[in-house]
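Okay, so here's the structure we're looking at.
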Amino acid sequence: GKLCIGRIARGKLSMGQSAAIVSEKGKEGTYKVQKLYTTNSLNRVEVNEVSTGDIATIAGIDNLTIGKTLTDPLHPYALPNVEVGEPTLSITIGPNSSPLSGEGKFGTSRQIKERLLKEKETNIGLRIEENAGSAYNVAGRGELHLAVLIENMRREGYEFEVSQPQVIYKTIDGVVCEPFEEVTVEVETEYTGETSEELGRRKATMIDMKQMKGNKVRMVYHIASRNLLGLRNILLTKTRGTALIFTMFLNFQKKLNATVSNRNGALVATQAGKAMGYGLANAQDRGNLFISPQDPVYEGMVVGFTFKPLDVEVNVCKSKQLTNNRSSGEGVNIQVTTPVKLSLEQYLDSMTEDELLEVTPLNLRLRKRLLKLAERRVAKRANG
């Protein structure tokens, strides 16, 4: 069964004793303690009794969750609850609808729902709501919080698709407000200019700047959560992996008008099949590719990012036609550049609203919501 770990604040607890679960709402039920454990080094040791100050593991109380108090049934008393920060970002997680689906062990809506509800039991900063379809809205405390959940599910064999992270807005006194965070950055002195420039581009406000020991500078900024997306990866790249970045939820402030874009347009495949060197060689002149020759591709899949803001349709499955006619270019080797491999966080940072991220235990693939080119054109005209 479920094991619950907590610190004994007052009194004693014995094996076989009755105990009540109490929360801010009141008494929620009485249960019997079946097993008691303490920890000795890395080992769990069974004991008959624990007292004030002990960190105990309790078995037999299935409904005990984080934030609730276990107390004497005759004199119920709830300890002060620990405040958990509000979610600032939300994503939609649903079954994988890609033509290449089937790489994971678990991929149905029911399996995804069970896994998310299990996560919610211990991850108290997470908010989960069922969507109108078979997808689920998952809200968390920032980009890293959601990325850890996605990566854990992926490693466990789950397959699903994820939408672009969206900031959670609130209306306060009739004013639309968005979450702001305090970001603290420690960099070496030589990277101060690049770091300040990047944060300035993201409309961050400098609060403090101090010279630290060891030729380092600490800078404190206030920044909108939506402009914080992608900052960690960019600063680590600019500082050669030496930057230290800490973020903390601040409050909700009036929504800013400025939005920072983290990427250019997409190279979108127009044909399903396997990528060919000839097609990739033509496409790489338009942007940076994510795929290699012989990788499976489907229509509507994003195979790279362009050098310009607009999306470009490319046929990476095109092969060189073999004919009896000789040409000046015959015999020239096709050279395809090494593809760019993005991490999960980089994909989440660079997604746009009309895209989905296909997550499987084996691959991460970016795709358009509407796979058919004609459907995307109709949707674009409808949206103006």
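Positions of Cβ are set from backbone N, Cα and C atoms, glycine also.
According to TrEMBL, the domain 'Translation elongation factor EFTu-like' annotation covers 1-71. Per TrEMBL, domain 'Elongation factor EFG' is recorded for 176-254. Per TrEMBL, domain 'TypA/BipA C-terminal' is recorded for 264-372.
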>> DSSP-wise, what's the residue breakdown of the domain 'Translation elongation factor EFTu-like' (1-71) into helix, strand and coil?
In response: 0 helix, 42 strand, 29 coil
> So how many of the residues in the domain 'Elongation factor EFG' (176-254) end up helix, strand or coil by DSSP?
Replying inline: 25 helix, 41 strand, 13 coil
